[in-house]
Ligand SMILES: NC(=O)C1=CN([C@@H]2O[C@H](COP(=O)(O)OP(=O)(O)OC[C@H]3O[C@@H](n4cnc5c(N)ncnc54)[C@H](O)[C@@H]3O)[C@@H](O)[C@H]2O)C=CC1
Ligand SMILES: O=C(CO)COP(=O)(O)O
């Protein structure tokens with residue numbers, strides 16, 4: 001059994017900052033890396049991440065650094081940049097990563113262009129790292145303030161999974177083990193796209209029944225997609241899939257759902273995103289999910305509809321009409 005005593009967190013957005021708080025709360029000596037000088041200054045001098053997680057006092061034991069080299073000593077590293085920046089960030093971190101370093105991927109999305117999952121990006125950038133995926137229902141603000149949740153921690157090596165879970169767990173943060181990284185990643189990526197769909201429905205005033213129908217049919221898309229990629233249906237039925245889908249589709253606290261709300265209310269994507277420094281991953285992942293699903297031969301009509309609305313290929317009403325007029329079929333079919 002390896003003793004995990006030190007944790008490094010790459011990326012001091014809302015979630016990286018909240019995870020640093022989790023690590024510190026679990027008794028790990030924690031170093032958080034931020035790329036913005038103002039975030040280093042704000043956490044270092046006032047103990048608050050004013051840019052990305054305002055209003056939450058951080059554990060004073062968290063060390064803040066601007067340098068990726070500042071994480072070279074860590075027993076484990078949590079990678080938390082937005083999905084589209086994971087490749088460049090891990091490439092920059094590569095000189096400081098020792099062989100066999102456990103890297104817990106916490107970003108939720110699929111890389112545009114390459115259509116790769118974060119575990120594939122990790123394998124290409126840090127081939128000697130040991131991969132794990134942490135995903136589940138967890139709004140950064142709630143977790144950082146000390147509200148409880150449970151998440152999926154997926155790792156092929158179940159001994160390492162157990163050690164990571166033991167190291168990260170505390171009475172407010174409860175990881176459940178899984179061995180299916182693909183399923184965990186598929187759940188996290190698709191729930192963001194589906195949350196945009198639910199936001200659009202809410203913004204258009206389509207009602208609670210449509211909302212429930214979208215979540216259920218969206219879950220069916222998520223399951224088909226995960227299984228076609230090589231993941232397991234039972235994984236997406238857990239916290240990293242269904243759990244996170246229910247959370248993200250049900251609260252305007254979700255950045256993805258709020259982008260959808262704005263679109264449903266008639267705003268353009270540009271208006272919906274304007275002035276926001278935070279990331280709505282579904283906006284980037286929607287076209288990647290669509291393209292990967294087509295390559296896999298999987299039908300994902302809701303995700304396709306979101307991608308079409310985001311790209312301007314189709315209007316909201318056209319997509320809604322199209323979804324409601326698809327051929328009638330068994331509920332078990334696509
Ligand atoms: N915020 C939340 O409640 C949760 C977020 N996540 C996931 O965590 C990931 C990070 O999201 P947040 O921490 O919320 O981000 P955020 O929206 O709070 O902050 C934006 C982040 O993007 C980084 N960034 C901007 N440009 C960059 C570049 N060129 N290279 C590298 N990094 C760059 C910033 O440094 C900052 O860390 C996403 O994949 C998100 O889906 C997962 C669970 C919960
Ligand atoms: O992943 C999340 C909750 O689990 C956060 O969702 P948003 O990125 O939509 O805010």
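Glycine is treated like the rest: Cβ placed from N, Cα and C.
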Pick from 29, 191, 329: which one does TrEMBL list with 108, 136, 138, 244, 254, 255, 256 for the same sn-glycerol 3-phosphate site?
-> 191
Taking residue 281 (NADPH binding site) as the reference, which of 136, 138, 244 (the binding-site residues) have a CA within 10 A of its CA?
-> none
Taking the Cβ of residue 281 (NADPH binding site) as centre, how many other Cβ atoms lie within 10 Å?
-> 23
Are any of the binding-site residues 35, 108, 254, 279 near ligand 1, with a Cβ under 6 Å from it, and if so which?
-> 35, 108, 279
Same-chain residues six or more away whose CB lies under 8 A from the CB of residue 136 (sn-glycerol 3-phosphate binding site)?
-> 149, 150, 151, 152, 238, 239, 240, 243, 244
